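K.L.:
I'd like to ask you about the structure that follows.
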Amino acid sequence: MQRALILLASAIVGAKAFNLADAMTEGSCIVLSTKYPVISTGIHEVVQSSTPIGSSSSSSEASSVASSTESSYTIEPTSSYRSCPLDLPLSCSNTTSMDSLSCCFESPGGLVLQTQFWDYKPATGPEDAFTIHGLWPDNCDGSYDQYCDKSMEITNPKEIVGSYNEELLSYMETYWKDYKGDDESLWEHEFNKHGTCYSTLKPTCYGDNMTDHEYVYDYYRETVELYETLPTYQWLKDADIVPSTTATYSKDAFIAALSQKHGAIPYISCDSDNAISEVWYYFHIRGPLVGGEYVPTDSTTVSKSCKDGIKFPPKQKDTTPTTTQTSDGPQSTAPATKGYITLSGQDGCLIKNGHWYTTGTCATYSMIQLSTGSVYLKSSAGYCTIANKQFTCSSDVTSPFEFNYDSSANVFSANGVTTFSAAEAAKGQTQEVVSLGSGAIDFTLQFSPK
């Protein structure tokens, strides 16, 4: 702490010396830690912290308290720094355009989620820890974009992280696990799908001194640092919720235990056996992803998959997966389920090109479950995607869209949106284009297995 205070007191930006009293009276947040590199944030330098600012957990505007763990690692400073105003609003709270500050303000993905797995069969990671899923930039309404910038995509995350910090790589190999054993494929998927959508991670934000793939390293580093402040297993244990082959727990008990520690309501997900499978923590952020102030906020997603009597199975050592060969993209986990796609409240169904049709035979679609939890859809015309907000299936689709399917509600979603629409009702021989989002005629897309 003393070293951090000295750094802050002696920092100079341009020709102006930093004044702690002035900064505090301006309402800025000063983070005191030496775990992160110093970054320029306007009139003074601030040392980033692994602990979110503040310690009160009485409201969603409070920040969570980082746990002190033995699993931390050393951060090596990288080369690029940026200047950002001190009076930035929290993400999702701005009333005017922030386009001119896109390197300092996360938009449109201003709702940041740190997501964690409980993989018990097959088991991954330590027996006393939830493992990392990812760090996602959802839009403020709970929807999200994916694969936002192909020029940023990578195929070698292990090599990139290892070139910066072997300790971080080792940590990821322990706590950021793919249940099929292909950890690097999961890391690649998470960055390409979600990391490329952070406005403040764009290479243009780093300036001329950016080191090779620095923004990639920053994504993984920030994900791990935030994960370390969210010790889900320990928080549950503190509330006497521990893995058991016989005990079950109420949904309210799970959520209350985590909410009390986090300072906001998280999202929990359960598998088909009503066993806990995932926890998502939501934040708004003040400033850029790296070096920003994370403020817990309530989940925008209602936990529907978990019923009372939640199981918390111990991780089964004897089913730990062996390492597999790295492969491109998410992999299927089971044979495809075949069926028809219908529209809620409407006659007809989707034909092979993805259009709505009321005359003739419905197309058979294959729903392919992926290791990431998402699904691919495929008809005889080819894989399906969302292009210019339109649902389409074609042999020209080389990068299938990752849809989500809620089996309990029997609805598909894309980018977190369950509403699809058409400009007019299909009738006779007329096919209607199906679009993502609301329109003249709204409906959900449902699956009818064959």
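From the backbone N, Cα and C atoms, a Cβ is placed for every residue, glycine too.
From TrEMBL, for reference:
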- 1-17: signal peptide (SIGNAL)
- His133: active site (ACT_SITE)
- Glu190: active site (ACT_SITE)
- His194: active site (ACT_SITE)
- 310-337: region 'Disordered' (REGION)
- 319-333: compositional bias 'Low complexity' (COMPBIAS)
- 337-447: domain 'RNase T2-like C-terminal' (DOMAIN)
K.L.:
When you measure from the Cβ of His194 (active site), how many other Cβ atoms are you left with inside 10 Å?
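P.N.:
So the number of other Cβ atoms within 10 Å of His194 (active site) is 25.
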K.L.:
In whole Å, note down how far the CA of His194 (active site) lies from the CA of His133 (active site).
P.N.:
11
K.L.:
Looking at the domain 'RNase T2-like C-terminal' (337-447) alone, can you tell me the average pLDDT?
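P.N.:
Result for the domain 'RNase T2-like C-terminal' (337-447): average pLDDT 94.
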K.L.:
Since the record lists His133, Glu190 as active-site residues, which of them has the fewest other Cβ atoms within 10 Å of its Cβ?
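P.N.:
Glu190, out of the active-site residues His133, Glu190, has the fewest neighbouring Cβ atoms within 10 Å.
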K.L.:
So, three-state DSSP: helix, strand or coil for His194 (active site)?
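P.N.:
SS state of His194 (active site) = coil.
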